[in-house]
Amino acid sequence: MMQRLGQFFSSLRYEKLPEKEKDDREVQTCSSPKPQPTSSGHRRQHADEKGRWPVALLSVKGMTCAACSKAVEAALSSMAGVKRVSVALLQESAEVHFDDAAVTPEELVSTVEDAGFEGALVNVRHPRQQLEVLRMRVTGMVCAACSTAVENALLSQGGVSKAAVALASGEVEAQFDSAVVTAEALLTAVEDAGFEASLLSQGGLETLTLRVCGMTSTASATAVEAALRRVPGVARAGVRLEEGLAEVWYDPNATGPRDCIAAVERCDGGVGGSTTGTPPAQPLTAELLRSLSPWGGSGSGEGAGGGGKGSSGTMSAADRELRYWWGLFSTSLFFTVPVFIVAMVLPMMPGSEGFMSTPIIWKIPCNQVVKWALATPVQFIVGWRFHRGALKALRRGTANMDVLVSLGTNAAYFYSVISILFHRYEGHRLEMDEPMKFDPNGYVPTDFFETSAMLITFILLGKYLEAAAKGRTSAALAALAALVPDTATLVVLDEATGAVLDCRDVPSALIHRGDILKVLPGSKVPTDGVIVEGQSYLNEAMVTGESAPKWKRPGDVVIGGTINTSNPLLVRATRVGSETVLSQIVRLVEHAQMTKAPVQAFADRVAAIFVPLVIALSLLTWLGWYMAGLTGVLKDALPPGHTPFLFALLFGIAVLVIACPCALGLATPTAVMVGTGVAAQMGILIKGADALEAASKVKVVVFDKTGTLTRGKPTVTDWRLFGAVEGGSGAVGSCWPGLGAPLDLATLCRCVGAAESASEHPLARAILDFCRLHLVMAQHGATTRDTAAAAAAGAPGGGYPSKDLHEPSGSGRSGSRASQREQAAELEALLPKALDVAVTPGVGITCAISTEHLAQLGAAAAGAAASSSRVGSRGGSAVALPAALGAAAANGTVRVAVGNRLLMQQELVDIPAEADAFIGPMESCGNTVVHVALNGRLAGVLAVADPLKAEAAGVVAALRGRGIQVVMLTGDNWRTARALAGQLGIDMVHAETLPKTKALKIRELQSSGKVVAMVGDGINDSPALAAADVGVAIGSGTDIAIEAADYVLMRDDLEDVLVALDISKRTFNRIRINYVWAMGYNTLMIPVAAGVFYPITHRQLPPWLAGLCMAFSSVSVVASSLLLRRYRRPPKVLREVVSGPLRTAAKGLIPHRKSLDEGADAGSGGSGHSPLLPRSVPAAANGAGSKRASVELMWSERSALRTTDP
């Protein structure tokens, strides 16, 4: 009966099931025995269609049966713009997918009411935008006004949420909604703005260019394109027959370059479809033209084909730009040199007057004809790119440097032409109309074609030098890209035996994900991957900046471009192409170079009015001098042969061409480009120019404690069970509530380990290592790690090898992943299952454990210990769970609470006086004490020590020496926090802060008006990193995509914080110098060109010399930015004290490893210390020795900066 009622109520629920369940229900009711599954393409299209539209949730009152729900659905579905309707009868609601451009939510409610029901709008969920990132290369940008025009053209397109333009590199990055606007539309928008644009990348797709040999007809080109499009994972492909090239956009997760080359070479060239059946003239072959970055990348653009030799390939964008400007300059120079000789050299040579004044065409003198003929190609062929740029700029309503150059050169050229034609039309005679015959009534020629030609030539020279200098600004990125080797050794393994079947060299660009690569000693790792076989030291200094080689074993991650120094390795490629660490670094730095620093807004504002202002000043200059000439003020000051109009025109042209907007536009991007590139070479990744500017003004640096100031590798140093009796192997004498038996250390470890196995906190890793070690020791009847290892080696069934007992699972980022998995599996077998786990960040963790499972594990450990004792061991008898526990334990649970004192308060757990007596000294020595409560009673505590980093005190002292306030922010207790702060010399501490309250502390510091930087590991302090003005994630290794961080430090070294702040300050100071120079140049030289000093000196600045000054002004700004390449790291800070008294005192404060033989008995008197570390410092360490060490560790900042590494 109940089953029938359930079926009836289910029938009343109409269209409420998810789409997949609804389809399954319809298939089951279908009469066909074998339903046809929906293709993945249709499912994806349906999901995309659903995700495109907003969803309105309506409340519909008055529905009583299925007919009512169908009536509501029919009414809503009949509306234009409604895409999908789901009505839930029992919930009295309707979910409507609709087009908000055709219908509104209010109209949906009205439709429901018109159908006879009560409708109300609950909410509207708008679809998440499918944002893609597009990168394009734009040519034709010459100043800040051009970059602003490109940015505005992109932002004017619907669906574009963000656009960033890098003027120095000519790259543009746009973030857009692919459902609203296409990539082709964005390219068209840039081209309509007057620039040339080419697509570099889009979304997750990668691009490659193939050179196809043997493609000689349209049929073969069509066949090649079709073959490429048939490759799974290829999004689109295009073929350029006249160039013999094929461009492919593909998904690197699905295919790669080798598949595309194989597809082309398998193609029949279109012959298969012909009626003649004639074979192709030659088989098709393809080779990969390596895609190079705009700064040159690695290699020389060699092609990489299917086994053949590479060809010349393509040229980098920087090289193409350099060659382009050199071609224009050399052509212009070829015509300008003769013009210069005729205009300025020959008149000074005796006897040349007659030759130059000889009429040859229409009675025009020879020198004028020659200058006119040679200046014309320079003005209209070589200089056409300036005139074209000026026309495009004026068409879009802006003005740039091209407008100034075009106006100045055209004024000089056309005035010269008009002057010649005017004198010829009026029949004027020259002063030297005939050789050796002087006519006092003749005129002096007033043409100056040399000004036009020399202006263009000098400007082109400046552009060439500027391009060469800009190419050097990205030398750091080019050096990073050059780390990748050209070839790799591809290995084919037998899947059954693992034996090597084939080994051959392939270009690195042809590596696919999953390939097995052989890396010989002394060679570079070709791509990111995981070691499959072999062990070796790898030098990662060129990527992370870490000078010490790292030991790598099977399962460890390797980075492409690093050097294998000792033994051969087999590596499985896991990341290729743009996914590698090197590619991510380069892309992140390029993105930083595209962002605008706030100071760049000043240049943008000036650039918007600069050119119109210069044109206005030029007109005023011409008008002022012309009126002075007409009124006779300059009657005696006019040069021979000059009219007032010509005299004033030369001043106006000089003002036009001496003004340089390029210097202002290049001041910030070139400095940012060099600074971020140099920082990347040091393992410091800067994500934006705005963060760089903020870092240069930092006044407060906030450090997280765990993993930042400390090593991040905590270990349990001491433990204690409370209420223990003498000689009970650490067991509590009376039965523990809920257990029915006494509590010993092994049981405590099982309870704590079960709880902490669900946590990712660094302290949890340390506690799990402690639990694993003690449980293994208990299982093998051992009391130290050595006896446990010996027992494990000799016990039946094996056990942990010695190296696994000596190496905790959390012993570093580069630890063997395979070993960690084995240890985790073994630990899972030793621990009970945790139930009802609840994690409270910053407080602790609670769970429940079955007492029956505890009893089973205790009995198994007792049996294993008894077996081990028969084999024999050095450590004595086993520490086993009492047998009474197995008999007494009922099918109940034990509530376990592991955390700090705040968690004990929340769990209403009292802290006895004996516990406080133990906890106080531990916390005073800098240990973190973890409380363990079972069933509401404090069962024990674990003291965890995380040693300070060697450089921490020196870095804090160096920051204070720079006038920067240092703050420590930690979730640890106040006593431990103050102890560590005293050792480091930090005078402001915020302790017992939860992750969500750390951001509030950051905002409190910002409220005083200071710029705050937060330094953390980017794991549990992301809110604080995001809230700070500058977020610095330290020790990220290969994880460089931490969203909350503005700076990513790849090394786990606090000194990089000093370097990051220092290089930011140096870079921003260089930006200031560039702006001072750019503004000072224009402020000084424009009045000089306008003739301010002419009444005193009677010397006029020639327009061609003004053009030369303008060309070199932008070059000087780039050269100023290049000085950042000479940046050197600050001096090393104090890392280790070598003086006797201070060294002794420091060792007393910071726990350190000793010989393993110093491990003590694990359970004497219900307390003990971890066999991982010696006993912690006793409470007496808080005396004079501790104070002395604290004072001496807070060495003066001056000494800390001068000292070097030992």
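Cβ atoms here come from the backbone N, Cα and C positions, even for glycine.
Among the residue ranges 272-305, 544-577, 1156-1189, the one that TrEMBL annotates as region 'Disordered' is 1156-1189. Under DSSP, residues within the domain 'HMA' (206-272) fall into helix, strand and coil as 22 helix, 21 strand, 24 coil. Within the chain carrying the transmembrane segment (606-625), a Cβ under 8 angstroms from the stretch's Cβ atoms is held by residues 143-145, 148, 399-401, 403-404, 407, 634, 644, 647-649, 651-653, 655-656, 659, 661, 664-665, 1086, 1090-1091, all 6 or more beyond its ends.
Over the domain 'HMA' (206-272) the predicted model carries a mean pLDDT of 83.
A Cβ distance under 8 Å defines the sequence-distant neighbours of the transmembrane segment (1075-1097), meaning residues of its chain 6+ beyond its ends; these are 599, 602-603, 614, 617, 621, 625, 637, 651, 654-655, 658-660, 663-664, 667-668, 1106, 1109, 1113, 1116-1117, 1120. Summarised by DSSP class, the composition of the domain 'HMA' (54-120) is 22 helix, 23 strand, 22 coil. Residues in the domain 'HMA' (132-198) partition by DSSP class (helix H, G, I; strand E, B; coil) as 22 helix, 25 strand, 20 coil.
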